[in-house]
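Heads up, the thing below is written out as structure tokens.
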Amino acid sequence: MAAVAQVPSLSPSPVTASGLAAPSPAAALPVAATPAGGVAPPLPPPTAAPGPPVPAALPGPFPGGRVVRLHPVILASIVDSFERRNEGAARVIGTLLGTVDKLSVEVTNCFSVPHNESEDEVAVDMEFAKNMYELHKKVSPSEIILGWYATGHDITEHSVLIHEYYSREAHNPIHLTVDTSLQNGRMSIKAYVSAPMGVPGKTMGVMFTPLTVKYVYYDTERIGVDLIMKTCLSPSRVIGLSSDLQQVGAASARIQDTLSTVLQYAEDVLSGKVAADNTVGRFLMDLINQVPKISPEDFETMLNSNINDLLMVTYLANLTQSQIALNEKLLSL
């Protein structure tokens with residue numbers, strides 16, 4: 001493994017990494033951490049690392065009320081890296097990328113980082129992490145390092161050492177844990193942020209405080225999530241992709257069911273079976289006002305025109321594809 005940083009748990013020697021700022025001497029000392037407000041044994045105050053300043057990902061201290069917004073692609077990537085882990089590896093770690101606003105931290109991407117762990121030491125391929133982040137910046141310049149993730153249900157003593165490295169890449173980084181062992185019958189996902197505690201100028205400890213995790217998704221991600229959820233209803237856990245026409249039919253059926261529910265609610269309110277709710281009434285009024293007023297004849301004409309345009313574009317695309325394939329066959333003769 002190229003450019004690794006080894007941390008002997010009982011040796012006071014400093015930790016170095018090729019191409020990155022050298023860690024503080026505290027990384028070589030045995031420390032332990034407990035989540036959810038637990039306190040780690042005393043940790044010496046870290047020294048300033050040389051090198052250019054790194055832009056802060058999170059303002060510290062972490063303001064109360066802020067949440068970690070997690071996209072489904074993050075969980076899929078973490079589970080995939082865990083399934084592809086090296087033989088004998090107990091867990092996998094990686095870097096979290098995303099954006100920060102005033103109210104939340106949104107994790108939109110991640111990548112795994114090779115590492116080795118034993119009872120006495122932990123080795124992390126820091127050069128690999130640096131190169132991967134440089135490549136990600138070329139594709140998504142707005143994404144910054146937010147912290148790191150690890151599989152498992154608990155925070156270990158090695159997590160404190162790895163967290164110290166990410167503290168130099170992002171101020172007040174997030175630590176995300178994903179329980180891939182399903183100890184409680186479900187995948188527990190938790191996020192933490194560390195805070196130093198102790199007497200200033202004396203020995204210092206580290207405390208991991210849990211954060212609120214919320215799941216968000218883009219419209220394109222929702223399609224994949226819905227498809228994955230359908231596999232729960234299949235005995236073979238395998239399901240194929242539906243055609244565009246089937247998706248339109250399913251969406252129309254959902255809209256029809258929703259309209260039936262709204263109509264039933266309105267009839268119950270008018271008959272006195274259900275008490276009227278002003279909030280629901282205002283919402284329905286806004287929804288109705290957003291529907292354009294158009295006659296059925298004009299709507300049918302517009303729909304047929306759009307369908308004809310779509311069919312023409314599809315025909316031209318297929319014709320172009322056939323011409324390109326025929327040209328390739330002629331050139332190969």
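For all residues, glycine too, the Cβ spot is worked out from N, Cα and C.
Annotated features, as they stand in TrEMBL:
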- 1-21: region 'Disordered' (REGION)
- 68-198: domain 'MPN' (DOMAIN)
For the domain 'MPN' (68-198), mean pLDDT (0 to 100): 88
Secondary structure tally of the domain 'MPN' (68-198) (DSSP, helix then strand then coil): 39 helix, 52 strand, 40 coil
